[in-house]
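Below is one structure; the comments refer to it alone.
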Amino acid sequence: MMLRLLSSLLLVAVASGYGPPSSRPSSRVVNGEDAVPYSWPWQVSLQYEKSGSFYHTCGGSLIAPDWVVTAGHCISSSRTYQVVLGEYDRAVKEGPEQVIPINSGDLFVHPLWNRSCVACGNDIALIKLSRSAQLGDAVQLASLPPAGDILPNETPCYITGWGRLYTNGPLPDKLQEALLPVVDYEHCSRWNWWGSSVKKTMVCAGGDIRSGCNGDSGGPLNCPTEDGGWQVHGVTSFVSAFGCNTRRKPTVFTRVSAFIDWIEETIASH
């Protein structure tokens, strides 16, 4: 699941931690490629129940042993969810997977999120797991940036997820990764880019031939730190309704550093 802004948007349905993945991504990513298994160990698959089976709908990031951050538009109070940690190839049971049910009362969507106004922002939600994750090589915590942190233009970040391989295409079995350089607010908010649809509580990345797509929603925008680690700076929110890789329409993410206080307060009170 990923949102699309109708006149030109499409929703993509992305704590202290370990930071660095076990293998750095390839610099040859263009439209996305298979990630190295378990190289993004905070990535989760959010799945919903239908007719007795569970289906992938969004990504997310494990930010505490019993908490996941995802997109607000990924959550519906009428659905039953589970989270799968330690997932890589969804078609194969590989061993590290941890399937954790979600109680209906443990879904916390940002109070200002408005499904009918994607461009208003606040597309973020927290999920409390019914039991704590068992951390290890395949399951680790994401690092989050300091409150208010803004990435410079062209910071080389990576989107990860099981979203569609191209507009209206299939969902992949294996976790995908793609290099998405940051597009700063000055550029992304220009009239012939996203214009006023982009707010300062968002971060843009990629555009042209690289982007997120349906199924990537809620998953992380992983950005490098000076010490060689990674921080989750974005939660995948929307792309263009004209297609997942429309020129001058970078993927738009909820900027995590704008919501650190809300994240901390929500976790502390539950």
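From the backbone N, Cα and C atoms, a Cβ is placed for every residue, glycine too.
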Cysteine of Cys188, Cys223 paired with Cys204 via disulfide, per Swiss-Prot: Cys188
Swiss-Prot annotation, disulfide partner among Cys120, Cys157, Cys244 for Cys223: Cys157
Cys74: disulphide-bonded cysteine as recorded in Swiss-Prot, out of Cys58, Cys117: Cys58
Asp123 (active site, charge relay system) versus recorded positions His73, Cys74, Cys188, Cys204, Cys244 - nearest by Cα: His73
Those recorded positions listed as Asn114, Ser217, and which of them has the most Cβ atoms within 10 Å of its own Cβ: Ser217
Cβ neighbour count (within 10 Å, all chains shown) around His73 (active site, charge relay system): 24
Neighbour-count leader, CB within 10 A, disulfide-bonded residues: Cys74, Cys157, Cys244: Cys74
